[in-house]
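Scroll down for the structure; my scribbles are underneath it.
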Amino acid sequence: WGTCFGANFDPSDTGMLSLQVSCLCGSAPCLLCGCCPSAKNSTVSRLLFTFFLFLGTLVSIIMIIPGVEKELHKLPGFCEGSGSVLGVQTHIDCGSFLGHKAVYRMGFAMAAFFFLFAVIMVCVRSSKDPRAAVQNGFWFFKFLVLVGITVGAFYIPDGAFSSVWFYFGVVGSFLFILIQLVLLIDFAHSWSQLWLRNAGESSAKGWYAALCIVTFIFYATSIAAVALLYVYYTKPEGCTEGKVLISINLILCLIVSAVSILPKIQDAQPHSGLLQASLITLYTLYVTWSALANVPTQACNPTLLVRNSTGSATATQPLTTWWDAPSIVGLIIFILCTLFISVRSSDHPQVNKLMLTEESGAGAGGEAAAVESGLHRAYDNEQDGVSYNYTFFHLCLLLAALYIMMTLTNWYRPDENLRVLRSPWTAVWVKICSSWAGLLLYLWTLVAPLVLPDRDFS
């Protein structure tokens, strides 16, 4: 508190005590106090909500650590050793499912929290709306609400909860993967435009060389990835599904790469090129890898993990942890994309419209006043209109919570007898379909100016 309120701060001062309370209950500007540079109120609020999401993610990660997972049975009512399948009580040892159950309940709590705010913030147009104060303030009480929902979620009885919530997670994860692809496509276009603009302004060939080098690295990594997928996830005899899925995605990546450098595409979009296509190709192969890691056939999936009801893995697969390479990469991509959603609006109007984000000059006066006064605080930049759609932002975080829930559990689910956690084919097809949808979306960004010449795709 001394850093924020000054060296002469007296904790016994009644006025200062009321100021502390107002900071806990007030808006984002007060939270910054004198600790941070001036920032937009909208950006600070998004970052704080994202912090809540990351906090829930951290708790979920801690709960699936083997040492912590074994202690979860001490939670009252969390593991009673029985479940219900179609109304029939089955007595099982849920020791190996505790981490899985905990992550599902944390995912439910975070999704419920963001859904609540998505509903509350429907049709908020500016910070003058009384509900905007709830969006940008009362952070201490929001934290209490999240804690309360989380505690309540751990008292949800087993029954069909995990089975039903699995499908909510599947749908939400599919949609969030599409959002990741939109952000990735936007990032790739912005990256290419920035380097080409720098090359044009400085007349330096180094920028063009950097573009070529990065593009070569992406394609070389993609070729290596395809080779490794064929080696580890296919066999000379059998594994037909893996061979077909890898081949289809490889062909689709070659098609979008070729289309991106066609003369007509280059005329309509001069900044389109192989850098964007190489990045999309690399991400598509990651999604393909993640999908193949969920193939439930042991012979075609060397990373398959099966846990039985005693908490030990099968003799042929002695792994006992959920951590694998696809999950770690997915976690990193999730963090980057969620931060991207929170702090940045696109340079492209079409992407802003798709993401319901539009940073405008609203609040410029507040910024000037903050700089002129020398105060380090957040200023209100939404008096004339919100800079992002509150409801859509919370829905994005809701989908992110479902995505991280599925990622941390490797998209596994208990079998019909609640005795083994298995990887279903549902996870494979959802990921593969999301990769196809992403490639089609990128292909559309290339051909749209030709198909719809009367629209502005600048």
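Count begins at 1; order follows the chain as displayed.
Note that Cβ sites are derived from N, Cα and C of the backbone, with glycine treated the same way.
What you are looking at is a predicted structure, and each value in this text was computed from that prediction instead of being measured.
Copied over from TrEMBL, here are the features:
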TRANSMEM  47-68  transmembrane segment
TRANSMEM  106-124  transmembrane segment
TRANSMEM  136-156  transmembrane segment
TRANSMEM  162-185  transmembrane segment
TRANSMEM  206-232  transmembrane segment
TRANSMEM  244-262  transmembrane segment
TRANSMEM  274-292  transmembrane segment
TRANSMEM  325-343  transmembrane segment
TRANSMEM  387-408  transmembrane segment
TRANSMEM  428-452  transmembrane segment
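Here the transmembrane segment (274-292) touches the transmembrane segment (428-452). Their Cβ atoms form 3 or more pairs under 8 Å, with each pair 6 or more residues apart.
Only pairs six or more apart in sequence are counted, and the transmembrane segment (47-68) with the transmembrane segment (162-185) gives fewer than three Cβ pairs under 8 Å, not enough to call it a contact.
Highest Cβ contact count with the transmembrane segment (162-185) among the listed stretches 136-156, 325-343, 387-408, 428-452 falls to 387-408 (criterion: pairs under 8 Å). Within the same chain, residues 43, 46-47, 49-50, 53-54, 179-180, 183-184, 187, 286, 289-290, 293, 303, 355, 393, 396-397, 400, 403-404, 407-408, 410 sit at least 6 positions outside the transmembrane segment (325-343) and bring their C-beta atoms closer than 8 Å to a C-beta of that stretch. Taking Cβ pairs closer than 8 Å, the transmembrane segment (106-124) reaches residues 49, 52-53, 56, 59-60, 63, 131-132, 134-135, 145-146, 149-150, 152-153, 156, 165, 168-169, 172, 386, 390-391, 394-395, 397-398, 401-402, 404-405 in its own chain, all 6 or more past its ends.
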